[in-house]
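One structure is given below, encoded as structure tokens.
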Ligand code: DOR
Ligand code: ZN
């Protein structure tokens, strides 16, 4: 069996930098025409000039004639100004500004401590049609890690939606039924990305019978009922939900240790694994909307004209891939994937 789709885009991706980036970017460029590139480098990509430089390094790292377009984002710090938002908009290559609550995840130390101080900047973003991309987890240590997304909705997301009714908001990597319901029921322009690991797994996969560090990402995998809500949302055809892998490579040694860091590497088989999920749900007819249409429609960009073909054929994922001077262990390392990318046809 084969299926052909409009070439998809990845609306949430970590590419890292330097040789590490060069090792992984081809996986994404083979499968996706464009990707929203997250700005959590060290130091963060906090202004338009840094985004321009990073964009050039990505273009230089791409394989010849890949046709891939990186869509850049800025990292929102407490120092972000309205002038910078306007500069970013005028650049034409910055497509969103990412809000990381300070300390929420990998390289988020420079994130936002008090969102209310940034209200004038959000005002400008709303006026300039610059989307706000949100890592929606509270960071208070007393809040249980499994509740951090739900509590963020109550404390911040509802308020943000009310105060800035015209601001385009992307609720990144939704992981709970609460988030799915919020996105479904909100007024105004709102979308949500869904990762493939949150569709494939729940916290039992990560924790029962041994700790599997390669399933550890943030927001953390939740219980099965949340996984079911995500599958339902992704395969429903609702255009507010779209593909965002959050593929986040880390060196093997930084994952497989006493305090392993957060992130799943999925770029090597992303569209193939999403296809498995949609097939299992008898929803292959909804895959193209989720993977290739809803994202560009939300961001106000043209849909891609190229196409990709996937064939139902088993292949085995490598145990690891080179990652700069290190190795990265991909999701499903050494296991079988049931769909394979076969061709790319001109559009
Ligand atoms: O698991 C994660 N890894 N979640 C994030 O929010 C950041 C990402 C990373 O950059 O490694
Ligand atoms: Zn991310």
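We count from 1, first residue shown onward.
Backbone N, Cα and C define each Cβ position, glycine as well.
Among the candidates 156, 173, the one that TrEMBL lists alongside 98, 135 as binding Zn(2+) 2 is 173. When the candidates 154, 178, 181, 246 are compared with the Zn(2+) 1 site entry in TrEMBL, which names 12, 14, 98, the shared residue is 246.
Report note: the Zn(2+) 2 site is defined by 98, 135, 173, and the residues of the same chain whose CB lies within 8 Å of the CB centroid of those residues, excluding them, are 12, 38, 99, 100, 105, 133, 134, 136, 172, 246.
Cα-Cα distance from residue 16 (substrate binding site) to residue 246 (active site): 12 Å (rounded to the nearest whole number). With a cut-off of under 6 Å between the Cβ and any atom of ligand 1, the binding-site residues 14, 15, 16, 98, 173 reduce to 14. For residue 16 (substrate binding site), the Cβ neighbour count at a 10 Å cut-off comes to 22, with all displayed protein chains included. Close to ligand 2, meaning a Cβ under 6 Å from one of its atoms, is not one of the binding-site residues 16, 98, 250.
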